[in-house]
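Per TrEMBL, transmembrane segment is recorded for B:20-40, B:46-67, B:74-97, B:134-156, B:163-181, B:211-228, B:260-279, B:311-329, B:335-359.
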Amino acid sequence: MKKSNLIKIIFLNLFFLTSLFASFETDIEALKTKSFKKKQQVINELVEKYSDDERTETLLKKMVDGDLFYTKKEGTFVILEKKEGSTYHTKTFLEGKVLEPQNKKEFNKVKTNNGLRSVIKSNLAQMNLFSKKKEVRLKSAKNILSNVDEDSKELINKALSKEKDSDVKEVLLEAKTIILAKYSSGEEQLQAVKDLSDFISSDTLATLKNLYSKEDISSELKKAVKSSISTVETIRSYYGVLEKAFFGLSMGSVLLLAAIGLAITFGVMKVINMAHGEMMMIGAYTTYTLQQVMPGLIEYSILVAIPAAFIVSGIVGIIIERLVIRHLYGRPLETLLATFGISLILQQIVRTIYSPLNQEVKTPDWMSGAWEINSALSLTYNRLYIIIFALLVFIGVLMVLNKTSLGLKVRAVTQNRQMAQAMGIKTSWIDAMTFGIGSGIAGIAGVALSQLTNVGPNLGQAYIVDSFMVVVFGGVGNLWGTLIGAITLGEINKFIEPVAGAVLAKVIILVFIILFIQKKPRGLFPQKGRDAQD
Amino acid sequence: MKRKPIILQILNNDLGGKIVLGVLALVVIYVSFANLVLPAGSTFHISTYTVTLLGKYLAFALLALALDLVWGYIGILSLGHGAFFALGGYAMGMYLMRQIGDRGVYGNPELPDFMVFMNLKELPWFWYGFDNPIFTLIMIMFVPGLLAFVFGYLAFRSRVTGVYLSIITQAMTYALMLAFFRNDMGFGGNNGLTDFKDILGFDLQADGTRIALLLISFLALTGGYLVARFIMNSRLGRVCIAIRDGESRTRFIGYRVEQYKLFIFVVSACMAGIAGALYVPQVGIINPGVFSPLFSIELVIWVAIGGRGTLYGAIVGAFIVNYASTYFTSALPEVWLYALGGLFVVVTLFLPKGVVGLISQIKDKLNKDNKNQESEVQNATA
């Protein structure tokens with residue numbers, strides 16, 4: 001064996017050993033160099049070696065922002081948190097320990113220039129695209145998709161060869177096809193344009209439309225572009241309809257929540273509760289108050305608010321029933337006037353306590369954001385939860401009325417008050433409970449509403465006419481009618497709205513209901529039987 | 001035998017009506033005199049503000065009367081009568097708007113200011129004719145009447161009654177409110193119509209014009225009252241009351257209930273339209289707020305407080321509530337909604353026949369006591 005070879009082996013082994021001992025902590029020391037060229041090299045090495053280390057990303061980001069320093073004395077890397085004149089508030093990069101505020105002379109900045117910054121940025125993009133976390137990769141891929149340029153072609157190809165997740169692959173593929181359609185020529189471009197008809201994002205559509213408006217393209221390509229555009233638009237409009245249906249469903253759910261309570265008080269007890277909207281308002285203000293009381297627990301406050309709103313509104317309802325409505329049974333027009341007066345008083349009370357201004361109720365994190373099904377269809381979580389919630393409440397009320405002894409008594413009192421009394425049912429207690437439950441459900445509706453709109457003294461007014469429309473449309477005294485009525489009106493509204501505008505949509509619906517009552521004066525599901533006329 | 005004048009014939013057996021109209025006549029004459037003749041420095045001088053206020057109350061009283069006609073006598077609780085009032089008001093507002101001519105801020109002789117502001121080039125078709133006072137006068141009654149006819153025809157034909165009818169009338173005025181709030185409707189959007197200058201060539205700010213409007217309002221109210229009373233004294237009126245008290249029975253006897261209802265509803269709507277037309281020049285503005293369900297329901301409470309089904313009670317109620325409203329909203333604005341809300345509750349619970357009913361109740365009780373005393377005296381002597 002030659003001596004030189006032996007030295008080489010020893011040297012290689014030594015190198016291997018040093019690399020074995022090398023770590024992120026020691027490697028970043030090299031960043032202290034003054035040469036930008038050297039720094040660029042170091043950064044590329046760091047990314048190569050520690051792309052999965054979260055610290056790499058933080059380090060690079062801080063460096064781009066110019067917030068990365070090291071102390072002159074110990075040479076530890078620190079991150080600038082806050083500047084006060086020439087005093088720097090910092091914390092160590094590796095341990096995250098907060099340091100005493102010191103004068104800026106104590107620190108050296110890890111300087112960057114434009115060239116270095118662009119290197120770092122492209123490295124960051126790459127790192128994300130090859131991250132182990134799927135969400136990070138997906139986000140990065142989407143980012144690339146929304147600003148495609150020819151340079152990212154290589155990166156995309158590299159990522160595609162490694163990518164296993166189908167969602168990320170889909171996005172990358174779309175980005176690649178868009179690049180091909182935009183920047184290639186001839187047969188390749190034609191094929192890419194044809195392939196684009198499989199994708200539905202707005203970026204694809206924009207690319208195709210852009211191509212179509214160009215004048216110097218061949219007629220064959222133009223034809224392909226046109227057919228792809230029509231395919232994409234058809235699919236997108238299909239998803240558009242789905243999205244509208246979803247919005248309609250969520251609006252219907254809000255109406256359902258508002259109208260269930262009304263269906264109970266109006267349909268079952270024959271009481272026109274004009275203060276029903278104010279019961280919703282009370283529920284919404286309960287949510288607001290709870291958030292003020294427990295500011296650190298926004299995530300949970302809404303869960304607490306549901307029973308709380310039910311109880312608060314329910315108790316207010318029972319008080320109203322005992323004080324006023326009890327004297328007015330059998331005189332629906334009088335209950336209308338009296339409860340209208342109550343609604344004015346309740347509104348004014350809220351104005352006095354909380355101010356006449358709208359209050360903002362915070363949305364917990366788990367309710368914000370959207371569920372992206374594909375690039376043309378995403379459903380917001382708050383609406384999704386409200387749909388589910390409304391259905392749960394509906395099923396709950398149905399269960400209470402049909403399966404519990406309270407429900408049985410309520411129905412008994414509804415059908416024949418004297419007979420029920422003779423059977424030993426405390427009718428006045430049942431009346432109070434029924435009204436309380438109806439009001440309590442309105443309170444729950446208020447919790448849901450507080451997540452969609454601002455909470456103010458006029459909150460209830462905006463929904464009272466709509467809720468009555470739902471009950472009248474669906475047929476009084478029938479919960480299923482209320483369900484179908486609410487969803488139908490919600491859907492009609494959302495489908496007319498884009499064509500006619502929000503206000504006209506409401507007007508059209510009111511006219512529609514007035515005409516509908518011509519055919520079915522007692523709603524979709526009229527009460528049948530002997531006492532239905534009264 | 002000498003025949004009584006026709007007014008007294010109609011008011012025969014209507015002591016309440018005679019008293020209310022008589023008192024109002026005296027007040028109106030005194031106010032006109034004190035405003036026009038007495039010098040401004042005199043303690044007895046009445047300001048133009050008060051004249052306007054009284055005129056507004058008279059317009060509201062006519063509106064309340066119109067509602068009492070349908071609610072008190074045929075049992076239709078309309079929660080949308082404000083819509084007829086507003087339509088009449090808008091018709092008048094359009095006439096007054098056209099009278100401004102080129103004196104607007106933009107000085108456009110053809111287009112009102114808000115249309116210039118909205119970049120409209122020519123007058124919308126439904127504004128044509130409103131520079132003519134006769135045409136306007138017809139429209140003041142025709143537009144609300146037509147709406148009442150179409151709406152009533154549809155509603156009564158399908159036998160929508162009671163609560164359902166109330167809710168639908170409320171929906172009607174709500175829909176109109178939303179529509180009139182739109183800027184592109186051509187009615188000035190949420191600002192409505194305002195900045196009026198003169199009417200039939202007379203300056204709207206002049207005391208004389210104000211007094212004339214006050215007198216016209218009073219005459220309109222009296223006329224409306226006489227028409228309503230005349231209808232209710234006739235056979236038609238008795239059928240109406242029969243419908244109110246037992247609709248199915250009346251139908252069963254053979255009366256075409258729908259037609260009676262429709263007739264009264266349309267007459268009432270026309271009356272409300274006239275009230276609106278009198279309201280606008282005196283107040284100087286008409287905006288979509290008048291279409292709001294709140295106003296229409298408030299109007300119901302005027303009638304309920306005064307006494308439903310008495311006609312003159314509606315007038316009394318309109319005066320009481322509106323005077324209270326004027327007083328509270330300036331003196332204690334916070335309290336007004338509490339007071340109004342409280343009124344709704346108290347009246348429905350404790351005063352089912354209103355203030356007017358309260359008076360006759362007290363009278364009945366006194367009579368009864370007197371009779372009891374008399375009979376005791378008789379018993380004692382026997």
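The backbone N, Cα and C atoms fix where each Cβ goes, glycine too.
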_Recorded stretch, among B:20-40, B:134-156, B:335-359, maximising Cβ pairs under 8 Å relative to the transmembrane segment (B:211-228)_ = B:20-40
_At a C-beta cut-off of under 8 Å, are there same-chain residues at least 6 beyond the transmembrane segment (B:335-359) that contact it? List them, or none._
16, 298, 301, 303-308, 310, 312-313, 316-317, 320-321, 324-325, 328-329
*Any residues 6+ beyond the ends of the transmembrane segment (B:134-156) with a Cβ under 8 Å from its own?*
83-85, 87-88, 91-92, 94-95, 165, 168-169, 172, 257-258, 261-262, 265-266, 268-270, 272-274, 276-277
_Should anything in the same chain at least six residues away from the transmembrane segment (B:46-67) have a Cβ under 8 Å from its Cβ atoms, list it; otherwise answer none._
24, 27-28, 31-32, 34-35, 38, 78, 81, 84-85, 207, 210-211, 213-214, 217-218, 220-221, 224-225, 228, 268-269, 271-272, 274-276, 278-279, 282-283, 299-300, 302-303, 306, 311, 314-315, 317-319, 322-323, 326
*asked:* Given a Cβ distance threshold of under 8 angstroms, which distant residues of the chain, six or more beyond its ends, lie next to the transmembrane segment (B:260-279)?
replied: 55-56, 58-60, 62-63, 65-67, 69-70, 73-74, 76, 78, 81, 84-92, 140-141, 143-145, 147-149, 152-153, 156, 213, 216-217, 220, 224, 227-228, 231, 236, 239-240, 243, 286, 290
